[in-house]
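A.B. asks: The structure follows.
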């Protein structure tokens, strides 16, 4: 069957369901203007007809003729007498129904009211044995019921339909009867993200999932529809999966062409299954037991035994409620104090307390059993032996405390209850055995109250209370203003919860005061109680009595008496023995559950920030210890953190890669350094040197030192060559007596004139005498000139490219092929490519990564959390031995101790000559806080990268999501794009990770089943509720102290709590490449690593034909202002001429500069302004507008701001860039020094040649 309903409607919305007619309605159409004739009915039938007419006017707008014979069949009572008396109650009933809406205590919200209007028509209850198990919904032309909901639809027409079942969608479907099609609701496949409506309020739809606040839905809601604001059905609820604060719904919904079923992990079906209990091998519904001993007030002891027999059944609490309220197949009126009824089957008790406030032990009526401190807001949940909020009769009384005084239950005023640590605590809530109080830090805990005689009863235990605050600030007082962070707290509600405590039958309480000596006889005074006695004098002096009894010829020391009472439960305390060895028990709900809430935490005062050159100075003013941390956003994060508790000043180095710092609970701040410096790149030599020294001090010192050394060497060499030439010129004349130096040589060498052979004569002599030497003399100066020319040429050729070396691998504006490109995996870094195609105008393609997400494939090994040691009440075998039996409990320990002689407040517990034995048990279980506070151990596998990329070309500007794997194709504006795989196989996650709340840790952990005591993983389970709990806590039992009933044990401290203290910094604060670590699901966001290859197929339709595009001519560029190393700090004006106005693609064809604009509007003989970003001081880049190209040349100045809160949008440099002015000065210096050197070389060569000729 097709599970997509057909939209069949009859022009109606939200109309009430027609009333049930006691006759069969004829389905033949009748004329609209004809009014059927009715015979005169009786008064009751006349009233019914009036009601039917009113309803029909609201629904079908037609009147239907009722057959006479069938109308007389439908009478609720067959009696025909006293018709006038029947009429009066009917009128009275109608009068009572009018004010009924005003009597509602809780008015439904707008969403609930809207759903109630629609649901009144389109949903029907599904019942099994009279109990509602779910709902069926009329959608379109079909009736749909979840297949897992057992029962029959509560409508005779729908119940007899033939349904077809689909296990794939968990639905049963049938065609709606024709006369009910007007009741059906519309449906829609349109589901924009937002909020929708259902029976319990708002439903949030996001990411393809429907979620509700936890607790808003429950079993029994299966089949309820979800509506949009127009009243159309968008989904049908099947179940839910608890995910902490919210519950994900399992639904059947529709897309445009098909039906889909959304089933979150851990989904439970929400069918209200009928719970069955047993009694004497007979099954019965737990909510309505048919047996006689099912009311506690009538037969308390038998009722408790029945509850103990069903304690492990799912319907136990329904049976408990039915037993306490004594309802048996009858309507029960609920009460706001109904959950207190269970306490009438329990009683307070006296228990051993080591310190009753005065340093001595006692059996205290307010003994402290447990203290829980899982809430980080300083709240404590304390369990005591007294019961609060109840009077001594067991009824609810908020101002009373009932406690055990001997064998009797007494009551006192609740106002006298006190809780202390280092100071008095503030009590926020009390119920039964539990107190919720906010306490200051301290080393002990004390609970006290005044009894009926105004005597203080107290108990004091050693307890270290030092709550850890939420967030990154250790504050003490809740602030007036701050930020809300997720946390846990004890909810102040006494309604039933998921937590529970075990109860058991109390033991026999020995009391020596019941025995009195009278003339050699022992008298047992019952006092209205049941006494179990045992006397060793005589025979058969063992038994129970409820009246006074005398044991003849006996002494008190030979008798033992104890009060026995098995019609009440009491808490399973390790300080009170249990009545028998069998594990018979009951259980009751625990109030004040731990729930997820938000806590207001303070915001540290913002630090005083001073920006310097590549550093930032923070002056911190903490009001309390505050965490300060920072990390680098590059490949090496170098994380740092410390707790600051006084005024401090911290200097953080800032690089071009960026840093992130966080102060207290303030949001993290990211900063990037800019290439700021003193001096000018286009000024005098000393200004240029100052400019480059500020940017690259080491390289500048090396370059200036090298240039200075070269200049000095060149000058020294020039002087040396000139001196050598002079010496060679004067030497012949100095050795020849009476020689006269020629006039020219004398002027050059400052020497007397002399005669010598001319150059021509010298060369002629060498030609005649030695031709080899002649050619050597001629070749030497020529070789020197050639060598000098090559050096100068090489220097000029090397220096010019030196000013334009950039990181080409991250080019954001490089021209790409038509079908391939490589974009940097950096969020916000624009990539632009110029695409040319024959016959079309060039087009600029822009790709920008908006968001990236690395999601590893995770395999949950186990969860671990804090454990609790469960210590049942010990079993004491008087005058005999007992044996341990194995139990399927984690880390179960059992020991039997002989030779024990326990005492209770009324005397010795045992009375025999042989030894007594005590059976002590203990085992480990998950703490109640595990649902909210646990760590998950995962094995991480290959991470997949998902990216959100903004694609712009032509008139298309769209953002799309794609998996970067080289296979997933996305379609944007008719173009096909395939991204990936990424250039580097990298992931911030190790093979083993631990997830705790919103933090992720790269940490090794033991495998499942191999935990060590006191370490992470000492307890392990697959989920927080699974039955596969493993524990290794080195739990050990010890021998009880003489005369005391207790179960001493020594557990190893929780490994989970130890791990919380020693876990160190999370990956959130030290991930490389600026990754933002998120959970649910675990992922790393916006990691700036690697490059993403892109394959694309762009159709011709995306281009503009040449004949349709403007023809741009006379394009010229003038740079108005330019600031390099700043985000689009350059402004250029492009002047042009064109034949017609239109849009043109503008693009930079060089990696030196990145343009901000992709397209511009051109007009005839106009100008356009573009912005560009560059890292060069003297950029020269080619710009094209449509088909025209020109070159822009700029002289850029350094930025003024040292630190900015955004990253650069241009390419970084590998080597220092040299400005055009600096190159000019270098060329001038090289030319001057080179000229001097050339002159010296020429002179030396000429002199050498002349002297060698002689």
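Each Cβ is built from the backbone N, Cα and C atoms, and glycine gets one as well.
Keep in mind the model is a prediction, meaning the values are calculated, not measured.
These came from Swiss-Prot, pasted as-is:
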{"type": "ACT_SITE", "residues": "148", "note": "active site, charge relay system"}
{"type": "ACT_SITE", "residues": "170", "note": "active site, charge relay system"}
{"type": "ACT_SITE", "residues": "222", "note": "active site, charge relay system"}
{"type": "DISULFID", "residues": "122-137", "note": "disulfide bond"}
{"type": "DISULFID", "residues": "294-326", "note": "disulfide bond"}
{"type": "DISULFID", "residues": "353-459", "note": "disulfide bond"}
{"type": "DISULFID", "residues": "356-362", "note": "disulfide bond"}
{"type": "DISULFID", "residues": "425-439", "note": "disulfide bond"}
{"type": "DISULFID", "residues": "487-599", "note": "disulfide bond"}
{"type": "DISULFID", "residues": "535-559", "note": "disulfide bond"}
{"type": "DISULFID", "residues": "878-910", "note": "disulfide bond"}
{"type": "DISULFID", "residues": "879-912", "note": "disulfide bond"}
{"type": "DISULFID", "residues": "884-894", "note": "disulfide bond"}
{"type": "DISULFID", "residues": "1075-1087", "note": "disulfide bond"}
{"type": "DISULFID", "residues": "1117-1192", "note": "disulfide bond"}
{"type": "DOMAIN", "residues": "122-270", "note": "domain 'Peptidase S3'"}
{"type": "LIPID", "residues": "719", "note": "S-palmitoyl cysteine"}
{"type": "LIPID", "residues": "729", "note": "S-palmitoyl cysteine"}
{"type": "LIPID", "residues": "749", "note": "S-palmitoyl cysteine"}
{"type": "LIPID", "residues": "750", "note": "S-palmitoyl cysteine"}
{"type": "LIPID", "residues": "1249", "note": "S-stearoyl cysteine"}
{"type": "LIPID", "residues": "1249", "note": "S-palmitoyl cysteine"}
{"type": "REGION", "residues": "192-202", "note": "region 'Dimerization of the capsid protein'"}
{"type": "REGION", "residues": "228-232", "note": "region 'Dimerization of the capsid protein'"}
{"type": "REGION", "residues": "360-363", "note": "region 'Interaction with host Mxra8 receptor'"}
{"type": "REGION", "residues": "518-521", "note": "region 'Interaction with host Mxra8 receptor'"}
{"type": "REGION", "residues": "550-556", "note": "region 'Interaction with host Mxra8 receptor'"}
{"type": "TOPO_DOM", "residues": "716-756", "note": "topological domain 'Cytoplasmic'"}
{"type": "TRANSMEM", "residues": "695-715", "note": "transmembrane segment"}
{"type": "TRANSMEM", "residues": "772-792", "note": "transmembrane segment"}
{"type": "TRANSMEM", "residues": "794-814", "note": "transmembrane segment"}
{"type": "TRANSMEM", "residues": "1232-1252", "note": "transmembrane segment"}
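Would you situate these features in the structure and describe their surroundings?
C.D. replies: Every protein chain considered, the tally of other Cβ atoms within 10 Å of the Cβ of residue 148 (active site, charge relay system) stands at 19.
Under DSSP, residue 170 (active site, charge relay system) is assigned to coil, being neither helix nor strand in the three-state scheme. Its Cβ taken as reference, residue 170 (active site, charge relay system) is surrounded by 20 other Cβ atoms within 10 Å in the chains shown.
According to its DSSP assignment, residue 222 (active site, charge relay system) is coil.
Annotation for residue 122 (disulfide bond): same-chain Cβ neighbours under 8 Å, separated by at least 6 residues, are 137, 138, 139, 183, 184, 185, 225, 233.
Residue 353 (disulfide bond) is surrounded by 24 other CB atoms, counting those within 10 A of its CB over all protein chains shown.
In the structure as shown, the Cβ atom of residue 362 (disulfide bond) sits within 10 Å of 19 other Cβ atoms. Taken residue by residue with DSSP, residue 362 (disulfide bond) is part of a strand.
Other Cβ atoms within 10 Å of the Cβ of residue 439 (disulfide bond), summed over all protein chains shown, number 24.
Sequence-distant neighbours of residue 487 (disulfide bond) (same chain, six or more apart, CB under 8 Å from its CB) are 375, 376, 377, 470, 596, 597, 598, 599, listed in sequence order.
Cβ neighbours of residue 535 (disulfide bond) (same chain, under 8 Å, six or more residues apart in sequence): 522, 541, 542, 551, 554, 558, 559, 560.
In the shown protein chains, 20 other C-beta atoms lie within 10 A of the C-beta of residue 910 (disulfide bond).
When secondary structure is read from DSSP and collapsed to three states, residue 912 (disulfide bond) falls in the coil class. The local packing around residue 912 (disulfide bond), expressed as other Cβ atoms within 10 Å of its Cβ over all shown chains, amounts to 13.
Other Cβ atoms within 10 Å of the Cβ of residue 884 (disulfide bond) number 13 in total over all chains. Taken residue by residue with DSSP, residue 884 (disulfide bond) is part of neither helix nor strand, so it is coil.
Long-range Cβ contacts of residue 1087 (disulfide bond) within its own chain (separation 6+, distance under 8 Å): 825, 852, 854, 986, 988, 1071, 1072, 1073, 1074, 1075. Look at residue 1087 (disulfide bond): DSSP puts it in coil.
Shown in sequence order, 1117, 1119, 1132, 1153, 1172, 1179, 1180, 1181, 1182, 1183 are the residues of the chain, 6+ apart in sequence, with a C-beta less than 8 angstroms from the C-beta of residue 1192 (disulfide bond).
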A.B. asks: Select the closest residue to residue 884 (disulfide bond) from the following active-site residues, measuring between CA atoms: 148, 170, 222.
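C.D. replies: Of the active-site residues 148, 170, 222, 148 has its Cα closest to that of residue 884 (disulfide bond).
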A.B. asks: When DSSP states are folded down to helix, strand and coil, where does residue 1249 (S-stearoyl cysteine) land?
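C.D. replies: Assignment for residue 1249 (S-stearoyl cysteine) reads helix.
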A.B. asks: Within a 10 Å radius of its Cβ, which of these disulfide-bonded residues (137, 356, 425, 894) has the fewest neighbouring Cβ atoms?
C.D. replies: 894
A.B. asks: Taking a Cβ cut-off under 8 Å, which residues six or more beyond the ends of the region 'Interaction with host Mxra8 receptor' (360-363) line up next to it in the same chain?
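C.D. replies: Sequence-distant neighbours of the region 'Interaction with host Mxra8 receptor' (360-363): 350-354, 904-905.
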A.B. asks: What does DSSP call residue 356 (disulfide bond) in the simple three-state scheme?
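C.D. replies: The three-state answer is coil.
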A.B. asks: Can you name the far-off residues of the same chain, 6+ from the ends of the region 'Interaction with host Mxra8 receptor' (518-521), with a Cβ under 8 Å from a Cβ of it?
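C.D. replies: Contacts of the region 'Interaction with host Mxra8 receptor' (518-521) (Cβ under 8 Å, skipping residues fewer than 6 from its ends): 550-554.
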A.B. asks: Given the recorded positions 148, 362, 425, 912, which lie within 10 A of residue 170 (active site, charge relay system) by CA-CA distance?
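C.D. replies: Matched recorded positions: 148, sequence order.
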A.B. asks: Check the Cα-Cα distances from residue 459 (disulfide bond) to the recorded positions 222, 729, 912 and tell me which is shortest.
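C.D. replies: Result for residue 459 (disulfide bond): the nearest of the recorded positions is 912.
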A.B. asks: In the three-state scheme derived from DSSP, which category covers residue 1192 (disulfide bond)?
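C.D. replies: Reduced to three states, the DSSP call for residue 1192 (disulfide bond) is strand.
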A.B. asks: Averaged across the topological domain 'Cytoplasmic' (716-756), what pLDDT does the model get? Just tell me the whole number, please.
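C.D. replies: The answer is 64, the mean pLDDT of the model over that range.
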A.B. asks: Can you figure out which of 425, 729, 894, 910, 1249 (the recorded positions) comes closest in space to residue 879 (disulfide bond), comparing Cα atoms?
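C.D. replies: Out of the listed candidates, the nearest Cα belongs to 910.
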A.B. asks: Please report the Cα separation of residue 894 (disulfide bond) and residue 356 (disulfide bond) in Å, rounded to an integer.
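C.D. replies: Distance (Cα to Cα, whole Å): 30 Å.
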